[in-house]
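Novice: Take a look at this one; I'll ask things after.
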Amino acid sequence: VYHRQRQPDVAHPCKNKNGGCAHICIPAWNNNIATARCYCHNGFKLLKNGKCTLNQHSSFLLIGRGRPGMIKGIPMIPSRTQGPQEEAIVPITNLHRPSTLDFDVRTRYIYWADQHPPKIGRQKFDGLDREIWKGDDISNCEGLAVDWVGRNLYWTDDMVGTLSVAPLDKPLLRKNLHTNITHARAVTLHLDTNEPLVIWADWDSVSNRSATIQASITDGSGRRTLVKGDLHWPSGLTVDPLTKRLFWCDAFLRKIEVMNLESSKPDRQVLVGESHLESVFGLTYFANYLFWTELQNGTITSYNLADGNMTVLSVQNPPLFEIKAFDTKSQQDVVLCQNDTCPHLCLLTVGRKVVCACADGYEGTNCTERISPTCRSTEFKCQSSSKCIHHSLVCDGESHCADNSDEALAPNGPCSAHTMKACTEDQLRCNVTGRCIPKSWVCDGEPDCGSNDSTDESDCSGNSCLGTDFKCDNGVCISAEYRCDGDDDCRDGSDEKDCELVCSPDSFYCASSSLCLPKSVMCNGKIDCYGGADEMHCSNSTVFRFNSTCSDGFLCVSSGDCLEKQKECDGVEDCP
């Protein structure tokens, strides 16, 4: 029932000038006297005068999570209290699936990729200057890395199989370094070396075939394979710049491995095995520690490389994605590329030198736009752009032009009288583009045939699934283990409907914070689940012990901590 008397205007301490609070004022009572309690937004801390100032942490962890979709900063050490952890940055909210992220210390920008709609965005630590950095030609970015020396951003696009680079301040000047990647995923940079590398993971299109970890010089030259064999879903690529070691995790094989980038022979070593991992997703290195996220159970774990000790730092609401270690003393290299060094891109090369490169569609020393018909005699010009591709890429079954004109079968198209390569028995021929794709991609919820061709996603409603699969509303079959994992694997959201957080047998669900907490905190005399659900239905002795521990002080309702009496109403928020 709506009536103004249901919410009457009454006198309260927050009515005038917000109670002297900079952000949030909440009326409270102390000995029957109304008082104003000040609180700050996440990423800020409260001062004695009621003002709020930004948190200034020299090092912390950046994590991406899915429920709700956001990027937040948390401490690198376990919290001493059971209350919420202090957040190191103003959270980046209203995201869907921030699967990858990185930062730039110099400008204090955080870069991230989101999927719905596909885009790369950025926002500063203080919550200001949020913008879409690139969105017009992004399909499915699964990895990005900031080049703080050359002032560039590298990113992968799984949908089109590319590794691209563009200046941080000029995102339209995109250059594709590599275009023949099967499933381009995680990417990282190794810049503190005489041979600066961009390293990326390439998942194979066939489920039972090994993936690879590849690398090239950051200018695109010298491409090679670093790791192959006994590799399935490599992700979380991270480098220790001092020892020149590359670390990665594999969610399918459930292990974390390491190798020396400068070793003359393979020296792979398993650091953490499957008994300690469930669905590891993100991995980062800092100060001889590894930190990783678990996609499905929401844990963030640290690993001491010196003694192998593992510590759970935090339990967040799953799913968790990328993790990066921020430190103000990182990225201290001299910027080799200034604004006037190159007209378009300035890329690092061997010997700590730089080379200039032009964005796709441009050429020459001054990077002038290619105007038709300036494509070389050995090249083909894409119809709706000035991009030139080699003739060997025309009618090869894979689209290299954004408009698919290099694979057009129309009477006036380049492939009308062209004998295209035959598809194998385990491949499907796309009707419009003529592309050959693995049959395992048919009815998987992702159009793989190319622009304006939905051959592989047509007539999927009658598709039958295996007993170990889950059938989506759109007819797509996915593995049953992907059900309720926080990722829209069906592409129609049906695998994430009617989901409830399922906790492990040794934990319980805290509804007020949507977290799984260990059962060891139940009835321990401290409120760990907001609202006190973990201290309900306990024995009288337990409840009495909880109530009696603060008879001479002030009891914090949110955490159960007992404070000295003189800290009550002293203008400083001491309760976590």
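From the backbone N, Cα and C atoms, a Cβ is placed for every residue, glycine too.
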Novice: Between Cys460, Cys465, Cys484, Cys490, which residue forms the disulfide that TrEMBL gives for Cys472?
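Specialist: Recorded disulfide partner of Cys472 in TrEMBL: Cys490.
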Novice: According to TrEMBL, which residue among Cys484, Cys510, Cys516 is joined to Cys499 by a disulfide bond?
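Specialist: Its disulfide partner, as TrEMBL records it, is Cys484.
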Novice: In TrEMBL, Cys358 is listed as disulfide-bonded to which of the following: Cys346, Cys367?
Specialist: Cys367
Novice: Identify which of Cys460, Cys477 is listed by TrEMBL as the disulfide partner of Cys465.
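Specialist: Checking TrEMBL, the candidate bonded to Cys465 through a disulfide is Cys477.
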Novice: Could you give me three numbers for the domain 'EGF-like' (333-368), the DSSP helix, strand and coil residue counts?
Specialist: 0 helix, 13 strand, 23 coil
Novice: C-alpha of Cys523 (disulfide bond) to C-alpha of Cys499 (disulfide bond): distance in Å?
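Specialist: That comes out at 28 Å between the alpha carbons.
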Novice: Among all protein chains shown, how many Cβ atoms are found within 10 Å of the Cβ of Cys490 (disulfide bond), not counting that one?
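Specialist: Excluding its own Cβ, the number within 10 Å is 23.
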Novice: Can you give me the Cα-Cα distance between Cys465 (disulfide bond) and Cys472 (disulfide bond) in Å, rounded to a whole number?
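Specialist: On Cα coordinates alone, these residues lie 10 Å apart.
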Novice: Tell me whether Cys465 (disulfide bond) sits in a helix, a strand or coil according to DSSP.
Specialist: coil
Novice: Please tell me which one of the disulfide-bonded residues listed here (Cys358, Cys367, Cys484, Cys499) sits closest to Cys472 (disulfide bond), measuring Cα to Cα?
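Specialist: Closest candidate to Cys472 (disulfide bond), judged by Cα separation, is Cys484.
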Novice: When a 10 Å sphere is centred on the Cβ of Cys358 (disulfide bond), how many other Cβ atoms does it contain?
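Specialist: The answer is 20.
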Novice: Please report the DSSP secondary structure of Cys523 (disulfide bond), reduced to three states.
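Specialist: Looking at the DSSP assignment, Cys523 (disulfide bond) belongs to neither helix nor strand, so coil.
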